[in-house]
Amino acid sequence: MKPARLMKVFVTGPLPAEGRAALAQAADCEVEQWNSDDPIPRKDLEQGVVGAHGLLCRLSDRVDKKLLDAAGANLRVISTLSVGVDHLALDEIKKRGIRVGYTPGVLTDATAELAVSLLLTTCRRLPEAIEEVKNGGWSSWSPLWMCGYGLSQSTVGIVGLGRIGQAIARRLKPFGVQRFLYTGRQPRPQEAAEFQAEFVPIAQLAAESDFIVVSCSLTPDTMGLCSKDFFQKMKNTAIFINISRGDVVNQEDLYQALASGQIAAAGLDVTTPEPLPPSHPLLTLKNCVILPHIGSATYKTRNTMSLLAANNLLAGLRGEAMPSELKL
């Protein structure tokens, strides 16, 4: 009997061990992979997907009409190693009948932990304090030296009370937060009850919060949501944290708000673009802490994500139910 033709799978970069092992054990697939941790150049990506039945990509890989055309009619499954899907041309993908897998849920805890870490790092001015120790600035003591802001008796505003937003609130509550506010597309009374969180207009959230954490999805409605008008409503003692997507924030307006003292400080795990150029004005500010999009970066989480992404891909190729399929 003639052996069945193998299905071509293209992977846009090295995977953690669990996902790599799942693909290696797939006897019905022929796996090709870009073997560098650096982002795959566009030309190599377009060449790599030619004739592929499945594509396993990253958040940094733009899957648009041109790439889909390059892949051709064989492409039936795209699995992304992310919960975000704003890098995927979903309308075009749906038009072609291609299934999409993603990795929600598994990164919630790690991302919430990072959000709280970033908030504490920013509000207590830890990078500044570390630098003072290193450069000899720790020469004496005075009552207000290196003072920051505490969470006890504070008001925390969360933009987007989804899985990650709830996990952040759950971790902040034991710090003695007095009041939680949230905003989003619609009230979520069942989820909000755990924190006695109040659903309010975004202008009220900006004006009344001591700490603001942005954890919403990037959509046409949230693009540029946090801009000049938003920052002008914030307290000058307020801390702004973004762990969602860079495009939710107008970074020029944020820079002006920070540089002028309109708001106290900001912590960002996401920027536009990524990576952020070392010459970017935000990096000149002591009151702005920027991380390289490491929200889900724990060994356990990344391994779990890679296994889920691999299983999504394989199930889709075999015509089976995906563990986590995006409904288009």
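Backbone N, Cα and C define each Cβ position, glycine as well.
Look at Swiss-Prot and you will find Ser36 tagged as phosphoserine. Under the heading substrate binding site, Swiss-Prot lists Val83, Gly84, Arg245, Asp269, His293, Ile294, Gly295, Ser296. What Swiss-Prot records for Gly162, Arg163, Ile164, Arg185, Gln186, Pro187, Arg188, Ser217, Ile243, Gly295 is NADP(+) binding site. Residues or ranges marked as site 'Raises pKa of active site His' by Swiss-Prot: Glu274. Under the heading active site, proton donor, Swiss-Prot lists His293. The feature phosphothreonine is assigned by Swiss-Prot to Thr298, with similarity to another entry given as support.
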Least buried by Cβ count (within 10 Å) of the binding-site residues Arg188, Arg245, His293: Arg188
Least Cβ-crowded entry, counting other Cβ within 10 Å, from the recorded positions listed as Ser36, Ser296: Ser36
Cα-proximity to Gly295 (substrate binding site), 10 Å cut-off, over recorded positions Gly162, Gln186, Arg188, Ile243, Glu274: Ile243
Local Cβ density at Gln186 (NADP(+) binding site) - other Cβ atoms counted within 10 Å: 6
Residue among binding-site residues Val83, Ile243, Ile294 with least C-beta crowding, 10 angstrom cut-off: Ile294
Intrachain C-beta neighbours of Thr298 (phosphothreonine), sequence separation six or more, cut-off 8 angstroms: Ala110, Glu113
Pairwise Cα distance for Gln186 (NADP(+) binding site)/His293 (substrate binding site) [Å, integer]: 28
For the binding-site residues Gly84, Gly162, Gly295, the one whose C-beta sees the most other C-beta atoms within 10 angstroms: Gly295
Output field, substrate shell: CB within 8 Å of site CB centroid, site Val83, Gly84, Arg245, Asp269, His293, Ile294, Gly295, Ser296 dropped: Leu59, Ser82, Leu107, Thr111, Ile243, Val270
Proximal but sequence-remote residues of the same chain as Glu274 (site 'Raises pKa of active site His') (Cβ under 8 Å, at least 6 apart): Ser60, Gly246, Pro292, His293
Between Ser296 (substrate binding site) and Ile243 (NADP(+) binding site), the C-alpha gap once rounded to whole angstrom: 10
Whole-number Å value of the largest CA-CA distance among Val83, Gly84, Arg245, Asp269, His293, Ile294, Gly295, Ser296, listed as substrate-binding: 15
Ile164, Asp269 as binding-site residues, winner by CB count within 10 A: Ile164
